[in-house]
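Novice: Just lifted these from TrEMBL, have a look:
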type	residues	note
DOMAIN	B:6-327	domain 'Aminotransferase class V'
MOD_RES	B:191	N6-(pyridoxal phosphate)lysine
BINDING	B:335	substrate binding site
């Protein structure tokens with residue numbers, strides 16, 4: 001089976017070098033060999049998070065990281081404001097509700113970003129223990145201005161726990177945990193961090209540690225137990241970690257560091273701009289406003305009569321995987337992921353497939369126009 | 001860094017063929033390609049479990065599987081009997097306590113197995129919603145007679161939910177979920193199933209489904225959501241699965257099926273017998289009674305004055321990883337794992353290292369005696 005090019009909201013492409021590291025025979029997790037790799041990964045994660053806080057690792061996907069945050073920070077009936085701009089904002093709220101947390105919603109029409117003013121207005125209405133917010137919403141291709149939102153929150157509430165789902169953003173755009181005074185930030189291996197799914201990473205601030213009980217309702221997500229592991233001279237985890245994924249993730253982070261974090265961010269911006277320009281050249285419109293549109297994933301409006309499902313399967317036949325819309329956006333948008341291990345070559349390959357699908361569907365496009373646009377944009 | 005031979009309680013050695021499968025570029029999890037692999041894995045898991053029940057997969061290690069069982073089956077104040085013969089029996093009880101479950105303990109001195117009579121006596125004293133029991137206890141090298149225990153339980157209670165931690169047993173010895181009327185059985189990828197850690201597998205009986213709420217306290221461990229994924233025409237999972245590990249696990253299960261499950265079980269018995277004989281030839285005594293000793297891992301008594309920690313590091317210097325005792329058994333035992341991808345060649349390599357370490361430590365042994373013993377036992 002030939003490898004397909006994944007330009008999805010995740011998992012994303014994994015560099016050969018990372019796959020090779022993952023394919024090593026596992027090492028035992030209570031050894032110096034493992035401790036060194038684990039420590040090396042953690043130091044690099046801190047750099048990507050922009051934090052001096054501990055970054056905890058769980059054998060779980062991003063949703064598990066979100067659940068871990070809720071299980072440790074909140075107890076039943078705690079009041080929490082959940083800011084939702086799409087599927088993953090809704091999911092975060094749902095997770096909190098499962099734990100009996102008293103969740104108020106601040107929901108936006110899908111395709112829009114959250115406004116700092118709205119958040120502040122809600123915080124003035126009621127005292128909350130925490131606020132849950134998505135950094136980058138893959139379901140709509142919208143990125144929140146997390147810096148402005150955090151700044152506004154802190155102007156009205158210095159105690160509230162700011163919990164950010166950065167699952168699809170960390171490593172592709174700045175998250176600046178400490179500068180933004182974010183208490184708990186969650187990300188995962190399979191998006192901008194260029195590693196297969198199965199690892200969740202969570203930073204925890206001093207403010208957050210103060211409200212974390214020693215015996216949370218969950219044993220698996222226990223932050224204190226994970227912290228104790230990191231404080232050992234040879235760091236480890238409270239139970240068997242996903243060893244091979246950690247070895248792979250460490251290698252992927254080394255690649256990011258070698259390229260330079262600023263260069264990685266710049267590359268994401270350039271690729272996003274080229275993606276948008278290429279789409280425009282083919283006559284497509286973006287789903288999100290230009291000012292809100294994500295440098296990590298682009299959501300595209302399906303023109304009238306455009307059969308998204310047929311389009312996706314034609315593109316797939318060319319070996320390129322894109323995704324459609326979720327829930328009420330099904331059939332109305334398609335999405336092109338461009339985070340992590342993404343470059344001009346992949347983008348050209350994706351648009352070649354997109355053009356071929358459009359021709360097959362009877363669209364009268366100027367063959368090669370999007371490739372030319374990419375070529376001109378990415379100089 | 002050269003690969004070390006892992007003869008630990010887990011992770012265990014992973015065959016090259018499995019590592020190669022894992023090193024493939026990830027495929028997207030909402031595609032037919034993934035659905036086919038996922039389905040193929042699930043069918044083989046059912047065979048290994050000996051069940052027609054759904055086997056659910058979570059991106060988690062074994063401890064996560066145990067937590068998932070508790071989160072779905074029990075509510076605060078439900079009465080549960082936890083049968084513990086070591087570290088993992090205690091852990092299961094601890095997990096249940098975190099969820100507010102009313103846990104009674106039936107604990108045994110470490111090194112002993114649980115007796116069906118004791119279990120029955122406790123079930124007659126109080127009505128329980130569930131019973132938690134470890135199949136194979138890696139901390140002590142003791143295996144419970146799960147068949148007799150389940151049979152005895154059902155003679156006195158036809159409703160009780162039998163929940164079995166088979167993390168280190170499934171795939172190495174028969175577990176026979178349906179024949180033993182086990183309601184929930186948990187295992188993980190990194191032991192007898194020959195795959196790196198990061199996947200938990202859980203079977204759920206009809207009896208168990210009846211007591212599972214649609215909205216358990218956890219979103220991540222939601223059994224109903226996982227079941228819905230399996231019921232789709234192209235099976236998937238409620239959130240991103242650990243794709244590369246699933247591809248690897250599917251390959252490992254194919255290897256088990258090609259060898260034949262009965263042959264795999266026989267190989268484990270033979271290797272265990274050879275391990276015990278080799279240890280005896282060097283003058284070591286087993287920690288567990290012969291009748292209780294596990295075909296998956298052997299715990300060995302440290303003779304008087306035997307420095308376990310020095311022994312382990314000398315063995316490690318030969319490229320072989322064994323483990324010591326946990327908690328109060330630290331310094332008193334060492335453990336040799338022999339589950340999963342284990343063969344005569346690995347066993348010889350391990351005992352060569354053990355002999356070299358003993359010579360270095362000043363023991364007067366007949367050089368090569370354990371290798372000769374292995375050679376004679378494994379004909």
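Glycine is no exception: its Cβ is also placed from the backbone N, Cα and C atoms.
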Novice: I need the CA-to-CA distance for residue B:191 (N6-(pyridoxal phosphate)lysine) versus the residue listed as 'substrate binding site', whole Å please.
Specialist: 14
Novice: Using other CB atoms within 10 angstroms as the count, which residue among the recorded positions B:191, B:335 scores least?
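Specialist: Counting other Cβ atoms within 10 Å of each of the recorded positions B:191, B:335 gives the minimum at B:335.
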Novice: Once the DSSP letters are reduced so that anything not helix or strand counts as coil, what is residue B:191 (N6-(pyridoxal phosphate)lysine)?
Specialist: coil
Novice: DSSP three-state call for the residue listed as 'substrate binding site': helix, strand or coil?
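Specialist: It is in a strand.
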